[in-house]
Amino acid sequence: MTPQCRTYLQQFETYMQSERQLSAHTVRNYMYELQRGSELLPEGVDLLNVGREHWQQVLAKLHRKGLSPRSLSLWLSAIKQWGEFLLRSGVIELNPAKGLSAPKQAKPLPKNIDVDSISHLLAIEGNDPLTLRDKAIMELFYSSGLRLAELAALDLSSVQYDQHEVRVLGKGNKERIVPVGRYAIEAISAWLKCRKQISCEDNALFVTEKGKRLSHRSIQARMSKWGQEQALSMRVHPHKLRHSFATHMLESSADLRAVQELLGHENLSTTQIYTSLDFQHLAKVYDNAHPRAKKQQDK
(Lines of atoms letter the chains of each structure in order from A and count residues from 1; the text may use other names and numbers.)
(Lines give C-alpha, C1' and ligand atoms only; values in the text may rest on other atoms or scores of the structure.)
Protein backbone atom coordinates (compact mmCIF):
# COMPACT_ATOMS: atom_id res chain seq x y z
CA MET A 1 0.00 0.00 0.00
CA THR A 2 1.41 3.38 -1.01
CA PRO A 3 2.09 6.14 1.57
CA GLN A 4 -0.52 8.30 -0.18
CA CYS A 5 -3.15 5.56 0.22
CA ARG A 6 -2.30 5.18 3.93
CA THR A 7 -2.70 8.92 4.41
CA TYR A 8 -6.16 8.91 2.86
CA LEU A 9 -7.14 5.86 4.93
CA GLN A 10 -6.19 7.74 8.12
CA GLN A 11 -8.22 10.74 6.94
CA PHE A 12 -11.15 8.44 6.14
CA GLU A 13 -11.03 6.95 9.64
CA THR A 14 -11.07 10.45 11.16
CA TYR A 15 -13.93 11.45 8.86
CA MET A 16 -15.99 8.42 9.96
CA GLN A 17 -15.36 9.18 13.64
CA SER A 18 -15.69 12.97 13.64
CA GLU A 19 -17.99 14.04 10.83
CA ARG A 20 -20.10 10.91 10.44
CA GLN A 21 -19.94 10.20 14.19
CA LEU A 22 -20.11 6.48 13.65
CA SER A 23 -19.49 4.15 16.57
CA ALA A 24 -15.98 2.86 17.19
CA HIS A 25 -17.24 -0.64 16.38
CA THR A 26 -18.58 0.43 12.96
CA VAL A 27 -15.42 2.38 12.11
CA ARG A 28 -13.28 -0.60 13.09
CA ASN A 29 -15.40 -2.88 10.88
CA TYR A 30 -15.16 -0.50 7.92
CA MET A 31 -11.37 -0.26 8.20
CA TYR A 32 -11.10 -4.04 8.42
CA GLU A 33 -13.33 -4.53 5.36
CA LEU A 34 -11.30 -2.02 3.33
CA GLN A 35 -8.11 -3.84 4.26
CA ARG A 36 -9.71 -7.15 3.30
CA GLY A 37 -10.79 -5.74 -0.05
CA SER A 38 -7.41 -4.17 -0.82
CA GLU A 39 -5.65 -7.51 -0.34
CA LEU A 40 -7.77 -9.07 -3.09
CA LEU A 41 -7.18 -6.35 -5.68
CA PRO A 42 -5.03 -7.16 -8.73
CA GLU A 43 -1.37 -6.19 -8.69
CA GLY A 44 -0.90 -2.51 -9.47
CA VAL A 45 -4.39 -1.56 -8.26
CA ASP A 46 -4.93 0.04 -4.86
CA LEU A 47 -7.76 1.73 -2.98
CA LEU A 48 -7.14 5.03 -4.77
CA ASN A 49 -7.29 3.82 -8.39
CA VAL A 50 -9.65 0.86 -8.03
CA GLY A 51 -12.36 0.62 -10.71
CA ARG A 52 -15.84 -0.81 -10.66
CA GLU A 53 -14.73 -3.97 -12.47
CA HIS A 54 -12.09 -4.56 -9.77
CA TRP A 55 -14.65 -4.33 -6.97
CA GLN A 56 -16.93 -6.69 -8.89
CA GLN A 57 -14.08 -9.22 -9.05
CA VAL A 58 -13.41 -8.86 -5.32
CA LEU A 59 -17.12 -9.28 -4.58
CA ALA A 60 -17.13 -12.52 -6.58
CA LYS A 61 -14.03 -13.78 -4.73
CA LEU A 62 -15.55 -13.07 -1.33
CA HIS A 63 -18.77 -14.77 -2.39
CA ARG A 64 -16.83 -17.87 -3.51
CA LYS A 65 -15.04 -17.90 -0.17
CA GLY A 66 -18.41 -18.45 1.44
CA LEU A 67 -19.06 -15.07 3.02
CA SER A 68 -22.68 -14.70 4.06
CA PRO A 69 -24.91 -12.08 2.40
CA ARG A 70 -24.79 -10.17 5.69
CA SER A 71 -20.97 -10.05 5.65
CA LEU A 72 -20.92 -9.08 1.98
CA SER A 73 -23.35 -6.25 2.71
CA LEU A 74 -21.03 -4.93 5.42
CA TRP A 75 -18.07 -5.05 3.03
CA LEU A 76 -20.08 -3.23 0.36
CA SER A 77 -21.08 -0.54 2.85
CA ALA A 78 -17.41 0.01 3.68
CA ILE A 79 -16.21 0.39 0.08
CA LYS A 80 -19.19 2.60 -0.81
CA GLN A 81 -18.42 4.92 2.11
CA TRP A 82 -14.77 4.93 1.04
CA GLY A 83 -15.77 5.87 -2.50
CA GLU A 84 -18.00 8.70 -1.26
CA PHE A 85 -15.14 10.00 0.89
CA LEU A 86 -12.73 10.03 -2.07
CA LEU A 87 -15.41 11.75 -4.16
CA ARG A 88 -15.81 14.49 -1.52
CA SER A 89 -12.05 14.84 -1.31
CA GLY A 90 -11.74 15.38 -5.07
CA VAL A 91 -9.59 12.29 -5.59
CA ILE A 92 -12.06 10.61 -7.94
CA GLU A 93 -14.97 11.75 -10.10
CA LEU A 94 -17.18 8.66 -9.78
CA ASN A 95 -17.70 6.23 -6.90
CA PRO A 96 -16.68 2.83 -8.37
CA ALA A 97 -18.70 0.96 -5.73
CA LYS A 98 -21.97 2.78 -6.42
CA GLY A 99 -24.70 0.39 -7.56
CA LEU A 100 -22.94 -2.79 -6.48
CA SER A 101 -25.14 -5.13 -4.47
CA ALA A 102 -24.67 -8.31 -2.49
CA PRO A 103 -26.71 -11.48 -3.09
CA LYS A 104 -30.02 -11.28 -1.27
CA GLN A 105 -30.15 -12.80 2.17
CA ALA A 106 -32.17 -15.97 2.15
CA LYS A 107 -35.42 -15.57 3.99
CA PRO A 108 -35.75 -18.03 6.84
CA LEU A 109 -38.29 -20.72 6.13
CA PRO A 110 -41.38 -20.52 8.28
CA LYS A 111 -41.56 -23.45 10.66
CA ASN A 112 -44.54 -25.70 10.22
CA ILE A 113 -46.39 -27.55 12.95
CA ASP A 114 -45.99 -31.31 12.77
CA VAL A 115 -49.02 -33.52 12.18
CA ASP A 116 -49.23 -34.79 15.77
CA SER A 117 -49.16 -31.25 17.17
CA ILE A 118 -51.83 -30.17 14.67
CA SER A 119 -54.02 -33.05 15.80
CA HIS A 120 -53.52 -32.02 19.41
CA LEU A 121 -54.34 -28.38 18.62
CA LEU A 122 -57.54 -29.33 16.83
CA ALA A 123 -58.64 -31.69 19.60
CA ILE A 124 -60.05 -28.80 21.64
CA GLU A 125 -63.19 -29.69 23.56
CA GLY A 126 -66.24 -27.66 24.44
CA ASN A 127 -69.71 -26.95 23.08
CA ASP A 128 -69.84 -23.24 23.78
CA PRO A 129 -70.17 -20.99 20.70
CA LEU A 130 -66.66 -19.50 20.87
CA THR A 131 -64.95 -22.88 21.12
CA LEU A 132 -67.00 -24.32 18.25
CA ARG A 133 -66.31 -21.24 16.14
CA ASP A 134 -62.58 -21.28 16.84
CA LYS A 135 -62.32 -24.99 16.11
CA ALA A 136 -64.10 -24.47 12.78
CA ILE A 137 -61.70 -21.63 11.94
CA MET A 138 -58.58 -23.67 12.71
CA GLU A 139 -59.91 -26.76 10.94
CA LEU A 140 -60.59 -24.66 7.84
CA PHE A 141 -57.17 -23.00 7.92
CA TYR A 142 -55.43 -26.37 8.07
CA SER A 143 -57.85 -28.16 5.74
CA SER A 144 -57.68 -25.64 2.90
CA GLY A 145 -54.58 -23.50 3.47
CA LEU A 146 -56.45 -20.20 3.35
CA ARG A 147 -54.87 -16.82 4.00
CA LEU A 148 -56.10 -14.89 7.04
CA ALA A 149 -57.80 -12.25 4.88
CA GLU A 150 -59.46 -14.94 2.76
CA LEU A 151 -60.94 -16.76 5.74
CA ALA A 152 -62.10 -13.57 7.46
CA ALA A 153 -63.92 -12.51 4.27
CA LEU A 154 -65.91 -15.75 3.90
CA ASP A 155 -69.69 -15.50 3.84
CA LEU A 156 -72.29 -18.15 4.59
CA SER A 157 -72.67 -18.79 0.87
CA SER A 158 -68.92 -19.33 0.38
CA VAL A 159 -68.96 -22.93 1.60
CA GLN A 160 -70.48 -25.62 -0.63
CA TYR A 161 -71.19 -28.39 1.87
CA ASP A 162 -72.34 -31.07 -0.57
CA GLN A 163 -69.26 -30.59 -2.76
CA HIS A 164 -66.91 -30.09 0.21
CA GLU A 165 -65.60 -26.88 -1.35
CA VAL A 166 -65.09 -23.26 -0.40
CA ARG A 167 -65.15 -20.35 -2.81
CA VAL A 168 -62.34 -17.95 -1.95
CA LEU A 169 -61.57 -14.42 -3.11
CA GLY A 170 -57.78 -14.21 -3.06
CA LYS A 171 -55.16 -11.60 -3.86
CA GLY A 172 -55.97 -9.37 -6.80
CA ASN A 173 -59.66 -10.28 -6.39
CA LYS A 174 -58.97 -13.63 -8.05
CA GLU A 175 -61.53 -16.26 -7.18
CA ARG A 176 -60.58 -19.88 -6.65
CA ILE A 177 -62.36 -22.97 -5.37
CA VAL A 178 -60.57 -24.99 -2.71
CA PRO A 179 -61.49 -28.44 -1.35
CA VAL A 180 -62.54 -28.68 2.29
CA GLY A 181 -61.88 -31.80 4.35
CA ARG A 182 -64.50 -33.77 6.23
CA TYR A 183 -63.34 -32.65 9.69
CA ALA A 184 -63.54 -29.01 8.66
CA ILE A 185 -67.03 -29.45 7.19
CA GLU A 186 -68.20 -31.11 10.40
CA ALA A 187 -66.66 -28.35 12.53
CA ILE A 188 -68.26 -25.60 10.42
CA SER A 189 -71.64 -27.35 10.58
CA ALA A 190 -71.40 -27.53 14.39
CA TRP A 191 -70.56 -23.83 14.54
CA LEU A 192 -73.46 -22.87 12.25
CA LYS A 193 -75.95 -24.39 14.69
CA CYS A 194 -74.72 -21.90 17.30
CA ARG A 195 -74.46 -19.05 14.83
CA LYS A 196 -78.21 -19.29 14.14
CA GLN A 197 -78.82 -18.15 17.71
CA ILE A 198 -76.77 -14.96 17.22
CA SER A 199 -78.33 -11.83 15.76
CA CYS A 200 -75.93 -11.10 12.90
CA GLU A 201 -75.45 -7.86 10.99
CA ASP A 202 -74.36 -9.51 7.74
CA ASN A 203 -73.75 -12.88 6.10
CA ALA A 204 -70.24 -13.36 7.48
CA LEU A 205 -69.41 -17.01 8.15
CA PHE A 206 -67.43 -16.26 11.30
CA VAL A 207 -68.82 -13.62 13.66
CA THR A 208 -68.35 -12.31 17.18
CA GLU A 209 -70.82 -12.86 20.01
CA LYS A 210 -72.38 -9.55 18.98
CA GLY A 211 -72.90 -10.72 15.41
CA LYS A 212 -70.15 -8.68 13.76
CA ARG A 213 -67.70 -10.13 11.24
CA LEU A 214 -64.66 -11.44 13.07
CA SER A 215 -61.61 -9.20 12.54
CA HIS A 216 -58.14 -10.35 11.50
CA ARG A 217 -56.72 -9.40 14.87
CA SER A 218 -59.39 -11.31 16.76
CA ILE A 219 -58.72 -14.46 14.73
CA GLN A 220 -54.99 -14.16 15.41
CA ALA A 221 -55.55 -13.61 19.13
CA ARG A 222 -57.91 -16.59 19.47
CA MET A 223 -55.52 -18.92 17.66
CA SER A 224 -52.62 -17.78 19.83
CA LYS A 225 -54.77 -18.45 22.90
CA TRP A 226 -55.57 -22.00 21.79
CA GLY A 227 -51.93 -22.72 21.02
CA GLN A 228 -51.05 -21.77 24.59
CA GLU A 229 -53.95 -23.68 26.12
CA GLN A 230 -53.04 -26.81 24.17
CA ALA A 231 -49.42 -26.36 25.27
CA LEU A 232 -47.89 -26.31 21.80
CA SER A 233 -44.16 -25.60 21.74
CA MET A 234 -44.51 -22.80 19.18
CA ARG A 235 -46.77 -19.81 18.71
CA VAL A 236 -49.85 -20.60 16.65
CA HIS A 237 -51.06 -18.12 14.05
CA PRO A 238 -52.99 -18.34 10.75
CA HIS A 239 -49.97 -18.41 8.45
CA LYS A 240 -48.44 -21.19 10.54
CA LEU A 241 -51.45 -23.40 9.74
CA ARG A 242 -51.35 -22.35 6.08
CA HIS A 243 -47.67 -23.26 5.93
CA SER A 244 -48.31 -26.56 7.69
CA PHE A 245 -51.08 -27.36 5.20
CA ALA A 246 -48.71 -26.71 2.28
CA THR A 247 -45.82 -28.66 3.78
CA HIS A 248 -47.90 -31.69 4.71
CA MET A 249 -49.56 -31.72 1.28
CA LEU A 250 -46.19 -31.67 -0.47
CA GLU A 251 -44.80 -34.35 1.83
CA SER A 252 -47.70 -36.59 0.87
CA SER A 253 -48.03 -35.84 -2.84
CA ALA A 254 -45.02 -33.76 -4.01
CA ASP A 255 -47.40 -32.17 -6.55
CA LEU A 256 -46.07 -28.62 -6.56
CA ARG A 257 -48.48 -27.36 -9.22
CA ALA A 258 -51.52 -28.63 -7.35
CA VAL A 259 -50.39 -27.02 -4.10
CA GLN A 260 -49.72 -23.79 -6.01
CA GLU A 261 -53.36 -23.76 -7.15
CA LEU A 262 -54.66 -24.58 -3.68
CA LEU A 263 -52.65 -21.79 -2.07
CA GLY A 264 -53.56 -19.27 -4.75
CA HIS A 265 -49.94 -18.45 -5.60
CA GLU A 266 -49.48 -16.64 -8.89
CA ASN A 267 -45.85 -17.77 -9.22
CA LEU A 268 -44.57 -21.27 -8.67
CA SER A 269 -41.44 -19.84 -7.03
CA THR A 270 -43.59 -18.66 -4.11
CA THR A 271 -44.82 -22.20 -3.54
CA GLN A 272 -41.29 -23.60 -3.71
CA ILE A 273 -40.39 -22.18 -0.29
CA TYR A 274 -42.50 -24.98 1.15
CA THR A 275 -40.45 -27.71 -0.55
CA SER A 276 -37.57 -27.69 1.92
CA LEU A 277 -38.48 -31.08 3.32
CA ASP A 278 -36.26 -32.75 5.86
CA PHE A 279 -33.75 -35.26 4.51
CA GLN A 280 -35.22 -38.15 6.47
CA HIS A 281 -38.54 -37.71 4.69
CA LEU A 282 -36.87 -37.40 1.28
CA ALA A 283 -34.77 -40.48 1.90
CA LYS A 284 -37.87 -42.44 2.88
CA VAL A 285 -39.69 -41.36 -0.28
CA TYR A 286 -36.64 -42.31 -2.35
CA ASP A 287 -36.35 -45.74 -0.73
CA ASN A 288 -40.03 -46.44 -1.32
CA ALA A 289 -40.25 -45.07 -4.85
CA HIS A 290 -37.00 -45.77 -6.69
CA PRO A 291 -36.88 -49.25 -8.28
CA ARG A 292 -33.23 -49.72 -7.39
CA ALA A 293 -33.36 -48.11 -3.97
CA LYS A 294 -35.58 -50.61 -2.20
CA LYS A 295 -33.62 -52.29 0.54
CA GLN A 296 -33.50 -56.05 0.68
CA GLN A 297 -35.49 -57.66 3.43
CA ASP A 298 -33.43 -59.24 6.18
CA LYS A 299 -33.16 -62.96 5.60
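Count begins at 1; order follows the chain as displayed.
The backbone N, Cα and C atoms fix where each Cβ goes, glycine too.
Under the heading active site, Swiss-Prot lists Arg147, Lys171, His239, Arg242, His265, citing sequence analysis as support. The active site, O-(3'-phospho-DNA)-tyrosine intermediate feature in Swiss-Prot is assigned to Tyr274; the stated evidence is sequence analysis. The domain 'Core-binding (CB)' feature in Swiss-Prot is assigned to 3-87; the stated evidence is sequence analysis. Sequence annotations record features per position, and here Swiss-Prot assigns domain 'Tyr recombinase' to 108-287.
Look at Arg242 (active site): DSSP puts it in a helix. When pLDDT is averaged over the domain 'Core-binding (CB)' (3-87), the result is 93. The residues of the domain 'Core-binding (CB)' (3-87), classed with DSSP into helix (H, G, I), strand (E, B) and coil, number 64 helix, 0 strand, 21 coil.
Highest Cβ count within 10 Å among the active-site residues Arg147, Lys171, His239, Arg242: Arg242. For the pair formed by Lys171 (active site) and Arg147 (active site), distance between Cα atoms is given as 9 Å, rounded to the nearest Å. Arg147 (active site) sits 7 Å from His239 (active site), counting Cα to Cα.
For the recorded site, Lys171 (active site), the DSSP three-state label reads helix.
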